[in-house]
Amino acid sequence: MTDTPHPCRVLIHGASGRMGQALLRLAGERDDLTVVAAIDRSTPSQRVVDGIPHFSADELGGVPAFDVAIDFSLPAGFDRILALCVSRGRPLVSGTTGIDEGQREALARAAATIPLAWATNFSLGVAILNELVERAAQALPGWDCDIVESHHVHKLDAPSGTALTLGECAGQGGATPRYASLRAGDIVGEHTVQFTGLGERVELVHRATNRDIFARGALHVASRLVARPPGQYRVRDLLD
Ligand code: NAD
């Protein structure tokens, strides 16, 4: 991975979606990254939009050379972008949530040959919240732990991937979390981790008001991942 040219060539998978559009816009503001391929199942066939080559999901095998792929699609598209990155020996940043146990195992296998950063949330605030939740769970043994998440009505998976990761952190601290999900309007993403004892309650809250935070985080992680050896990385491993 040491032969990465400047700017770094990025492939975006799920490019027509809410996150894909944010990634395309924000990548265009950086001079260290250039998008060489935008892929989506909704793209009819190869065409160039604003100077960026767009491809349909069926054309995945024929996309040009790239240095790192960023995937924010849906679980059905995840296997193919992972396979492409493994076959080309290129790093993958993926924020796709709702992937199943078999797909998590495929990620772990792929990490033997390529650098990977799969995360349910690419915001700095949630990277820190994960740590706070684990510490709170350790410090409050025996307290009830409830994770309440709210998202826009188009979100398909519930509980959210972020809620499940927060639950894993709470579990590492010794708590047994329960989950509640709300789907309403255009909420970008809100997570409350509530620890309840007798006569008192601690709440740790993260509110995302703009999905650019996830796109900026994923672009930052992509720019760092190209120089790393194969393995699985967390967002906090790649923060400056
Ligand atoms: P979206 O529905 O707006 O976009 C998904 C895009 O993926 C669509 O354009 C769709 O056509 C495309 N797609 C679906 N299947 C495909 C396939 N097989 N091949 C190629 N393209 C395919 O969703 P979104 O809000 O942009 O979110 C995308 C994913 O990212 C979801 O899983 C969501 O939960 C997740 N997400 C993660 C984070 C994070 O920080 N990790 C933040 C926001 C959203």
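The count begins at 1 with the first shown residue.
Just so it is clear, glycine is given a Cβ too, placed from its N, Cα and C backbone atoms.
The annotation in TrEMBL ties G14, A15, S16, G17, R18, M19, G95, T96, T97, A119, T120, N121, F122 to NAD(+), and of the candidates under consideration, D32, D40, D79, the one tied to the same site is D40.
Between the farthest pair of Cα atoms in the NAD(+) binding residues (G14, A15, S16, G17, R18, M19, D40, G95, T96, T97, A119, T120, N121, F122), the distance is 21 Å. For the binding-site residues shown (S16, T96, N121, T162), fewest C-beta neighbours within 10 angstroms: S16. Checked against ligand 1, the recorded positions S16, D40, T96, H151, T162 give S16, D40, T96 in sequence order as having a Cβ less than 6 Å away from one of its atoms. Among the binding-site residues listed here, namely G14, D40, N121, N121 has its C-alpha nearest to that of H152 ((S)-2,3,4,5-tetrahydrodipicolinate binding site). By the criterion of other Cβ atoms within 10 Å of the residue's own Cβ, the least surrounded of the active-site residues H151, K155 is K155. Each residue in the domain 'Dihydrodipicolinate reductase N-terminal' (9-122) gets a DSSP state, and the totals come to 40 helix, 32 strand, 42 coil.
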